[in-house]
Amino acid sequence: MLEKTYDAAATEPKIAERWEEAGAFKAGAGAKPGADPFAVVIPPPNVTGSLHMGHALNNTIQDIMVRFERMRGKNVLWQPGIDHAGIATQMVVERQLAERKEPNRHAMGREKFIERIWQWKAESGGMISNQLRRLGASCDWSRERFTMDEGLSRAVLEVFVTLYKQGLIYRDKRLVNWDPKLLTAISDIEVESREIKGHLWHFRYPLENVPFDPENPHTYIIVATTRPETMLGDTGVAVNPKDERYHALVGNDVILPLVGRHIPIVADDYADPEAGSGAVKITPAHDFNDFEVGKRNNLRAINILTPEAAITLKDNVDFLEDLELTAELKALIVELDGMDRFAARKRIVELMDERGYLEKIDDHTHAVPHGDRGGVPIEPYLTDQWYVNAGELAKPAMAAVRDGRTQIVPKNWEKTYFDWMENIQPWCVSRQLWWGHQIPAWYGPDGHCFVEKSEAEAKAAARAHYGEDVALERDTDVLDTWFSSALWPFSTLGWPDKTPELATYYPTSVLVTGFDILFFWVARMMMMGLHFMEEIPFHTVYLHALVRDKHGAKMSKSKGNVIDPLELMDEYGADALRFTLAIMAAQGRDVKLDPARIAGYRNFGTKLWNATRFAQMNGVKLAPDFRPENAKLAVNRWILTELTRATRAVTEGIATYRFNEAAGAAYRFVWNQFCDWYLEFLKPIFMGDDEAAKAEAQATAAYCLDQVYKLLHPFMPFMTEELWSLTASEGKKRDTVLALAEWPELSFEDEDAAADINWLVDLVTGIRSVRAEMNVPAGAIAPVVVLDANKVTVDRFARHDAAIKRLARVERISFEQQAPKGAAQMLLGEATICIPLGSLIDLQAEAARLAKEAGKIAAEMDRIEKKLANEKFVANAREEVVEAERERLVELKEAAQRVATAESRIRDAS
């Protein structure tokens, strides 16, 4: 007999151990002979990471699919692993050194510092893997990989050297996102925009050959900027070619204030005639758009910042070129050189004002890009870096999605994928860090570069080049973390070696990931997979949405609305969290997570536990020779039919990535049909004297529960595994753990039995609804009058008389020609069901109560409708607040409809 309650905290570790002992998650476990492979690679979490709600959703979805396909007998591999997370890991260890008052990395030296990171990884790096196991992730943990382990490092070397020799990796001077605190280039995903209240400064740039007069607008052009310090690097002013105001000036120069550099006025579509003066200052070395304008118009790129974002003028050859070093300019150079960018901004504005070049200052709120780890504003920065020719690699990656070899689900993301791929920029893959894959490039005395897999090979190449042995210096940069991640689908399977795993599991079946890394990871895996394997890395990409708080707001520490999945698992168990995420994971829709929902789905687990316990108390046990088609009782044939339908819906839902529909189908069958109705129908049979009926009911209930455990296992693996082991045939053990049991393939359906019992369910539900709407006391027993019933309906009433009276609290059923006075009515098929209310409730008092309720609802609806009609409210309120009001309005409209129905019934009855 089951314990009275299910203890998730005590059971989950025990079940995890059972799976481990059974080897249930090993590649190929439980596979049928000759089965098709089903392979999934986990999006590797950062080694520094702790499980967050995004991980919980992502890995729940993967685990649902993996457990489902494993039970269907496929040859399953779920490949786990962890990302070395360059910047994040280096920062964690640097912080640890500072906290322990140990020498910093520079004092320690590169080699010792990297040793220290490996030591940290050995001590703390396994935390997220353990948290994923706790969630129930059924990966083949014996195959866990790390992006810096020896095998993957070999794959990275092979790819880098091959691409270099194919001319697809090269060194170039371009703009990058530069973090002046961490002193490295960072990727776009590591940049976050923050709304900052700042200013827009409007400056006067004097025209050449015209005496500058601040009072005469014909002597200057006005440009505006949010970053005045960058004007020191201006090399042009752009105007739109269609802007007639500037036609005569295009090709002439302006003189850069404070500096004296002559810079051309160029015609370029980038300039917007409607924005400000229509003229734009161009600083190619410090703005991504300006860099492109500069390339189109052959403008110089002058970098005026140090890596730390201080001004550099004194020894800056590019800045000083062609400048007349007047006393005024020398003084400016002395004053500004080495000054922090923000102090320089303030001083430059003062100087522009003093010399008549400041037109005006506007308050201006704008998005300022910050490094998400360094936390300071990043700078577009001109520097030498390593690049991948992504444009070339993108072509086959686009073709693979266009011709359907790889499908993106939901399909609407394909447009985003193509938009990005068609406009792809060279991919900057170098980082100025110590932790990561060091770039395999060595430089000779004259700077000649040798890219090889080892230092010995580089020395041999240098010897061949110079005709003698020379000293080589290795590039100190490391590769972007996304570079090694881009190889994940094949590097984890042993490439560049030709392994059996690679032959079996590549290409993988499906990739599950968030839409936010479609470009940073998915597209790059497509490029690398197609280039090196000459085959797509996955057949399907399933992109899930974000997990937000219950109001629809993005979770962030600053908002204080972060929901911790580990805390939720402590309180409700892993199954409740998983089921909640699954049933809310509608395609393309963000998950709005309310912890109250998780409590609700824990109750669902409790319902199943209690149903099993109730069944055991009534002698329900597996009958080995039970066959659905042999059941005789309509109620059993009905539940077996509904079980087949539910199985079909769950199977289709998972197979088509509609996890919410699959979970919903399982939920409705278990809670509504099996627990609320079927077990209720069985009570008189269990208490009766018909032993044959009792035995059939017991066997049917046991069979249904067995299938339910299987259907729910991908969603709620822990509880279902425990129930499976505790409900084996008397005196026997199960042949296998539930994780390796066979997925139900059911075909039994009895349309007549289903129609018959579903009619009974609809009748009782309808009568109960009317009673609830009319506030009929729960204990009151009411008569029922039936009008216009045909023979089938009359027979059904006769056949189910006892059940109707017991379940709907009905004292007698009569068939009449006319509705009695004071009766509420409902339609069921061709018949009208009348419930006389006069003796049960005070119709007048109930009408008054309903009118009052309708008034309250109408008033609140009016208030919300006015709010939503207010354009200022919709424009200025937080998105989640507006959404909450819209949702409340929908709820109120539904409530108003219910009250209107009840009022209509009262009127009819009166």
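Using N, Cα and C of the backbone, Cβ positions are placed for all residues, glycine too.
The feature motif ''HIGH' region' is assigned by Swiss-Prot to 45-55. Residues or ranges marked as motif ''KMSKS' region' by Swiss-Prot: 554-558. Marked as ATP binding site by Swiss-Prot: LYS557. What Swiss-Prot records for 842-910 is coiled coil.
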Q. What is the three-state DSSP composition of the motif ''KMSKS' region' (554-558), stated as helix, strand and coil residue counts?
A. 0 helix, 1 strand, 4 coil
Q. How do the residues of the motif ''HIGH' region' (45-55) split into helix, strand and coil according to DSSP?
A. 3 helix, 1 strand, 7 coil
Q: Please list residues from the chain of the residue listed as 'ATP binding site' whose Cβ is under 8 angstroms from its Cβ, counting only those at least six apart in sequence.
A: none
Q: Would you report the average pLDDT that the model assigns to the coiled coil (842-910)?
A: 84
